[in-house]
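Novice: Handing you this structure, nothing more for now.
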Amino acid sequence: MKQFLDFLPLVVFFAFYKIYDIYAATAALIVATAIVLIYSWVRFRKVEKMALITFVLVVVFGGLTLFFHNDEFIKWKVTVIYALFAGALLVSQWVMKKPLIQRMLGKELTLPQPVWSKLNLAWAVFFILCGLANIYIAFWLPQNIWVNFKVFGLTALTLIFTLLSGIYIYRHMPQEDKS
């Protein structure tokens, strides 16, 4: 259910873009993200930090897009979110000395410290590369290609990287946890 809720604003954005334009899609994205946030609060009595940060960035960059009638702002939102995620992962590893991935999954999984560090670093690099790819596609290719990349390309890349991470985790799990 949570994954569906996380994906819903993206589906709404895509549908409104195909039916109307980038500005209607941006307004719909803001509304859909707000609805998902409110629903999460009412249903689960909690809102995850990542969801809240994403909502704030959607409102800020989406609002700027609508106010200035300039789609560059909503295009930058994707890269800013990925940069923040990468930054949080790197800071957690190098400054706080405990990888964020380990903080998120450490209660459910037992892995050696070097595995946590490599996994954390891999996700940071993944987010940096996605942010850079977004910049290239958003500002050097037509808008419709960027929308398709944002909705389908980044989603597919994230799913593939999640699967690869799962395989990496499984290979390094203690034998008793694998059964």
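Glycine is treated like the rest: Cβ placed from N, Cα and C.
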Novice: Would Swiss-Prot put E176 and R43 on one side of the membrane?
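Specialist: E176 and R43, as annotated in Swiss-Prot, occupy the same side of the membrane (identical topological domain).
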Novice: Could you tell me the mean pLDDT the prediction assigns to the topological domain 'Cytoplasmic' (43-49)?
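Specialist: Computed over the topological domain 'Cytoplasmic' (43-49), the mean pLDDT is 89 on the 0 to 100 scale.
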